[in-house]
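Undergrad: So TrEMBL has the following annotated:
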- B:15-38: transmembrane segment (TRANSMEM)
- B:45-62: transmembrane segment (TRANSMEM)
- B:68-86: transmembrane segment (TRANSMEM)
- B:159-179: transmembrane segment (TRANSMEM)
- B:208-230: transmembrane segment (TRANSMEM)
- B:242-267: transmembrane segment (TRANSMEM)
- B:273-297: transmembrane segment (TRANSMEM)
Amino acid sequence: MVTKPESKFTRRGVLRTLAAGTGAIAATSALPGLSGFAQAQSSAPIKIGFQVHRTGIGAAYGRWYNRTTEAAVKRINDMGGINGRPVELVAEDDGTDPKRGAEVVEKFATQHGCDIAFGTLFSHVVYGSAPRAGELKLPYFVVSEGHHVASGKLNRYTLQPGITDVKSQVQAMAPFVADNLGKKVTMIFPDFAFGHDHRDFFTAAIEAQGGQVVESIAIPPTETSFSKYFPRIPRETEVIYHVMVGPAVLTFVKELGEFFGPNSPEIFGFIDSLEAVDIKSPGLEFLEGTYFWEGNPRNAQADQSSHDKAYRAAVGVDDNGASTDDAQDVSTYSHMFGCWETLNIIKRGMETAGYQGPADRAKLIEAVEAMSDMPLSDDHPQGAKRFNGKTHQTFGHQYISKVTDGKLVVEHTTSIDDGLYEDEVDYTTQSF
Amino acid sequence: MDFGPHLLLASLEGAVTAAILALTAMGLSIVFGVMRVVNVAHGEFYMLGAVIAWWVTSLIGGHPAIGFILALGIAPLVVGLLAATADKLILQKINYDPDRTIVATIGLLYIIQQTTLMTFGPDARPVQPPFNTRLALPWFEYGENGFAMFWPWGLSITSYKLFVIIAAIGILTALWLVITRSKIGLIMRATQLDSETALAFGVPVERVYMWVFGLGAGLAAVGAVLVVPIQQAHYLMGHDPLLLAFITVIIGGLGSLPGTVIAAILIGMSDGIISVFFSPTLAKIIATLVVAMVLAFRPQGLLGRSAH
C-alpha cells in the first residue's frame, strides 16, 4: 500500500516565510548599493517604449531589432542603468503599419507611461507615427534610414541619432559607383518613401559625378514576383543599382540573376535587398563579384575592431552575421547596430540632462541636440559619428563590400565628410 | 530590350501568372457554382498550401524534388480536409445563408492567418524548386542576310516556370474530365442545378457540399505549392490571389468553369504585359475597371448564365 507522504509545509508556515522574504527584499532595495542600482531620487525604472515590427513586411528586421535592443538594455542595466535607475523596455508590435504605429506611440504615452519612444525602422511607419509623438510631446528616437528627419518634414520630438540617412549614404557612395562600375545606371527600388529617397538623392548624386540614371523602376513593396519588371532595364545600362525590402527580397535577387544569366552589367546593391538572407542561398551564385552597400559589415573583417567583436558577442551574432544559435538565422546586421547606438545615446542624453521623469523630456532633447562627435567605441561599434543637432540626423562611415567567395569583403570605407550635406532645417528653433 | 523579345518575355511571365490564377480562381468558382458560397477565406487556404509545402520540404532531406512531390500531394490534401471540416463545423450550422457565410469566412480568414502567424511566424521562407535551369530563348529577325536567329539579352525563362504552366493545364484538364465524365462530377452538377431535387433522388447534398468546399480549397493549395518555389511562403501572401481570383470569377461568370479559365488567361496575360510595358499599378487599375464594366453591362460575366 502506498501512503501519501505528509507535506512538510503548513499553510501558515508558507505564508510566514513569504512575508519574511518580501520584507527582506523590500529592505535590501531600500539600501543603496545593495540593490545593484544606486539610489536616485526615484528608483522606478526608466520606461522605453519600443515600437517593433514583429509582424507585417518588416518582421525580419523586427526580430533582430528586438534582439539587439534587449542586448543593449541588458548591458546598460549591468552597468548600473541610467541615472541609477534600471531601464525597462515596453515592446509593442506596430505590424509594420503606419496607422498602428501611431496607435502604438499613443499607447506608450498614455497607457504605459513611457518616458520616450524608440526603435522603428520602416519609413512609412516613422511618417505615420512622428506627428502623434509630436502632439503627445513624447521624444521619438527612430532607427530608420529615410531622409524624413533631416528634411524637416517631422518635428522637434523626432530624432535619428544612431543611423545615417539615405541621402548621406548615396551621396557618399556615388563617386565609387561612377569611378569603378560605370556611369549609366538603372535603379530598382521599392515604391514608397524610402525608395523615393534613393531615387531622388542617388539620381542627383550620380549626375554630380557626370553619370546618368537611364531608367528608374519602382516596385510596390508587397510585390512577390519581379521578372516582369526587368525587361525595362535598358540595354545601355552599365550598372544596376538595386535596393529592395520586405519578405520577398530573396525572390527579387534570385530573379535578377535568372534574368541576366551570364551577361550582366555591373551590379551594385544595397544590402537591404539581402538583409536576413543567407548569401549562399541557392540561386544567388551570380552575386559573386558584385558590390553592396553595408551599414555595418555583416562578415567579421580581417581588421575587425574589438568594439565590433564585443557587440557581436553581446547580440549573439557569429562571424558570418548569423545567429550563434542557428546558422540559418541571418541577421539584419547593416541596420540593427542603430538600436544599440541609439540606446547608448539616449543614456548619455538622459545623464547629461539629469533626466528624472516626463517633465524633463525637453531637457533630454536639448541634451541630445547638443551632442556632436561620437568616437568609435563599445557604445558606437559601427564607427565614429557626427551628430547634427539642428537637423536631428547623424552622419557616419559607409562600407562598400564585394562578394568574394560567398563573403562580403569591405573594399572601400567612406569618410564622414563624404556624406555631409547642407542643413535643410533647424529643429532647435522650434518651440517644445 | 527590343519590342518583339520584350513582348515574348511579358507573355511568358503572364502565362505563369495565368496558370496559377486559373487554379486558384477555379476553386473559388466551383465553390460558388455548386454551393452559392462566396468564400472570402480562399486566399488563406492558398497561403496555407504554401506554408505546408515549406513545412514538408523542410522536413525532408535529399534532393529537393522529393520534398516537392510530397508537398504537392500532402498540402492540398491537408488544406482540403481542413476546409471540409470548416464547412461541417461552421457553414453547415448556418445553413449556407449568403450573408452569414461571408461573415463566417471572413472570420475563418483571420483565424487561419493569425494561427499561421503564431506557429509559422512572420518571416518569408523559401522552398527550393525541384529543378530550375535558366533557358535562354532565341529570337528571329529579318536582316540583310534574310532571317537570322539571335539571343537577346535577358530573354529567358526557367524550366520550372514552364513546368508550372504545363502542370496547371494538366490539373485543369483532369478536373474538367472529372466534372464532365465521372459520377462524382454528375453528382456535383446535379447538386448545382437543383439541390432539393438532388436530395430527393438520394444525393447526400450536405456531404457533397463538404467535399466541394474541400476541393475548392485544395485547388488553391495546389496553385500555392506550384508557386512557392518561385515566390516564398509568407503569412500575408493570401491577399493578392484572393483579389485576383475574385476579379477572375466575376469577369468569367461566377460558377462558369470555362469562363473562369478564359478570364484567368485574360487577367494573367494582361497583368504580365501591362506590368512590363507600363506599370503594375496600371494593370490592377485596368483589371478593376473591367470588373466594373462587366458588373454594369453583363453582370453574369462573360460565360455565366443570367440568374433565373
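Each residue, glycine too, has its Cβ placed from N, Cα and C.
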Undergrad: Where, among B:45-62, B:68-86, B:159-179, B:208-230, do we find the most CB pairs under 8 A to the transmembrane segment (B:15-38)?
TA: B:208-230
Undergrad: Establish whether the number of Cβ pairs under 8 Å between the transmembrane segment (B:68-86) and the transmembrane segment (B:242-267) reaches at least three, counting only pairs separated by 6 or more residues.
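TA: No, these stretches are not in contact.
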Undergrad: Where among B:159-179, B:208-230, B:242-267 do we find the most Cβ pairs under 8 Å to the transmembrane segment (B:45-62)?
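TA: The stretch with the most close Cβ contacts to the transmembrane segment (B:45-62) is B:208-230.
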